[in-house]
Each structure stands twice: as C-alpha cells, then as structure tokens.
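The structure under discussion appears below in the form of structure tokens.
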Amino acid sequence: MVSGGCVGAEGEVDPEAVAPAAAAEEAVVPAPAREVVVGYALTSKKAKSFLQPKLRGLARKKGILFVAIDQKRPLSDQGPFDIVLHKLTGKGWQQLLEEYREAHPEVTVLDPPGAIANLLDRQSMLQEVSELDLTDCHGKVRVPKQLFVNTDPSSIPAAVRRAGLSLPLVAKPLVAKSHELSLAYDPTSLTKLEPPLVLQEFVNHGGVMFKVYIVGDAIRVVRRFSLPNVDEGDLSNNAGVFRFPRVSCAAASADDADLDPGVAELPPRPLLEILARELRRRLGLRLFNIDMIRQHGTRDRFYVIDMNYFPGYGKMPGYEHVFTDFLLSLAQKGHKRRSSYGSLSSGEG
C-alpha cells in the first residue's frame, strides 16, 4: 500500500465555480511569442466533439493552432509540431508515434501509447487505484470487488461463487472502447453474458456518479445520473440481464437537479487532489477521467468504478479555458527543452 499524503485546505478550489475561474484564467494567460502548433490525430467523431467552435476560437486568440495529422504519412514530414494530441490505437499508429518521439524528444506527445493501453484494459485499469492508501485524506477510496471472466458462460456462476462476489453484478466489456454495460441480478442471468468481460460488484450510490476530469494539474468535477439503488425486493423480483448502452452522458447531468444533499455533496477536494496526483504519476497520463461513486448512506466512502483516457471534454463546463491554458503551459516547457537541446548541440560542436 502506498500513501501519497494529503493536500491541505489552502489548495482547495470550488469545483462548481468553473465559469468565473475560467474567465479569470483567460484574462491573465499571456499569448505566446510565436504560434503554438498542436497536431491532432483523432477519429472524426472525437474531433467533432472536442474541437468545437468555442475551443478553436479561444485557441486562436491565445495563439494556438490545431492542425490535422495525416496518419498515412510520417509525422516528421509534417508540422513542425509543438504538441501532438491523439486518441488512436493500433500497432501501426503506435510505431509511427514512437519513432517520432525518439526523433523529436522536444515535442510533447499526449499521451504515450503504452500508458494509454493500461486504461483500455479493464482487467488492469483499476489496479493502481486498488494499491493506493487514501484513508487519511478526508475519505476512503476503494475499487469494487471484481472478476475477470474469459471462459465458457455456463461456468460463470461457479467462478463468481469461488470469488465471493455478491449479486447483482455489473458486467463490462474487457476492452474499454465500449461504454455499454449490463446488470445481472441472478446466477442464471450470468450464463447469458458474453466473455471476455469484467464482473464488478454493484455498490448502491444513490443514483449519482461523479465524473472527475483531469487535464494536467487541473481537476473539474460534475455530477451525472447513474443506475438507481438496488434493494432486496429488486433482487427477488428481477431476473435476467438488463443492458444499458451508456449510463452517463451529458444529457444525464445532475448538477442542477434537486438531490438529497447526502447524495449530491461532491467528494472532498483534498481527496481528489491526492487521487489525481497519484494516478497521474502512476499511470503516466495527463488526460483522463475518473468515475467515482459514494457508497449510499455514507459520507466518506468512495469507489472508483471506471477510468477513461481522453474522455468527452466537450461535456466539461469551461473546458475551452482549462484546455488552452494547459496547452500553453506545455508549449512553454517544450520551448525550454528546445533551448537546452540547442545549447547541448552548440557545446558538442
């Protein structure tokens, strides 16, 4: 178990005061001396949701230019780039990107392909969270009991009994490209699932999930409606597999809903700070989100149930300001690296 220590109260920021803070950040961030070129390699769907007109407009004002990368050409023949932003998989793209990183160490790549792969496999996704000890950080963070299943469906009930898991169970595809999940209420329904998958114990959480967005050092939290609580009556009266194409989405925002304060209260800021910091360090990632729930009836028991690389930032309030400031800070660090490489080259000559 590893403890990272807690962040003091002086570092707290109201997660709900996004718009005013973002406006202030926009006013004080200076424009760079030269244009910052961000090459992006995204699916058309991802590019549309992320590169919204408001983001592009604000980026232009701050001296940031987004340029589409041609995935069929070597990256060294394109650019030059200050930052490469991507969310693509596949060995071909990974090799292309690794070769570019070796040839251009001064360019920031968001994020390393090998690190991203850890969040695409639900068998290992939550491993780093399970090894953290955050008991002294204004709350406790755990992961639900879970079981990796890659066997004949008829043997799943026995495997669940051996693992000591309790029904109902949430079934998630092993590869985290799909947001579809299922809720299995009884042993018979387990035989109708389609491995490979991960089975996760369902934790009652009042029907509200906290989506914690990470952009470098910045953290933003929003509430989303989630699956409702399950009681003994539900277990007795329900059978089969209930499928949910996507539990959490922008349309299911719970930020303005009239919720029980015990359900709606956001996780403590110091807890989120240390959790985000430790996961950034352990995962080697700067762009991801954490899906958290609070165990119903408690105030300080939280579970991380999922994580995603480069999530739907377009749904995060004020993302344009947070993201452009983040890109500018990376560009400044990259400029310093270029200067140091230039000095070394001159010295060798």
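Every residue gets a Cβ built from N, Cα and C, even glycine.
On a predicted model such as this, the values are computed, not experimentally measured, just so you know.
As annotated by TrEMBL, 1D-myo-inositol 1,3,4-trisphosphate binding site applies to K46, K87, K211, N308, G312. For R122, K172, 200-211, S226, the entry in TrEMBL reads ATP binding site. Feature annotation from TrEMBL assigns 1D-myo-inositol 1,3,4,6-tetrakisphosphate binding site to H179. If you look up TrEMBL, you'll see D291, D306 marked as Mg(2+) 1 binding site. The Mg(2+) 2 binding site feature in TrEMBL is assigned to D306, N308. What TrEMBL records for 37-116 is domain 'Inositol-tetrakisphosphate 1-kinase N-terminal'. Look at TrEMBL and you will find 138-328 tagged as domain 'Inositol 1,3,4-trisphosphate 5/6-kinase ATP-grasp'.
Positions of TrEMBL features highlighted on the structure.
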residue	record	Cβ neighbours (10 Å)
K46	1D-myo-inositol 1,3,4-trisphosphate binding site	17
R122	ATP binding site	20
H179	1D-myo-inositol 1,3,4,6-tetrakisphosphate binding site	15
F202	ATP binding site	20
N204	ATP binding site	15
V208	ATP binding site	23
F210	ATP binding site	25
K211	1D-myo-inositol 1,3,4-trisphosphate binding site	22
D291	Mg(2+) 1 binding site	19
D306	Mg(2+) 1 binding site	24
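Residue density at Q200 (ATP binding site): 22 other Cβ atoms are found within 10 A of its Cβ, drawing on all protein chains shown. Broken down by DSSP into helix, strand and coil, the domain 'Inositol-tetrakisphosphate 1-kinase N-terminal' (37-116) contains 36 helix, 17 strand, 27 coil. Across the fold, the C-alpha of N308 (1D-myo-inositol 1,3,4-trisphosphate binding site) and the C-alpha of F202 (ATP binding site) stand 19 Å from each other. Closest in space to Q200 (ATP binding site), of the binding-site residues given as K87, K211, D291, is D291, taking the CA atom of each residue.
Per-residue confidence over the domain 'Inositol-tetrakisphosphate 1-kinase N-terminal' (37-116) averages 93 (mean pLDDT, predicted model).
Applying an 8 A CB threshold to same-chain residues 6+ apart, the list for G206 (ATP binding site) reads N229, L259, D260, G262, V263, R294, H296. Looking at D306 (Mg(2+) 1 binding site) and G312 (1D-myo-inositol 1,3,4-trisphosphate binding site), their Cα atoms lie 14 Å from each other.
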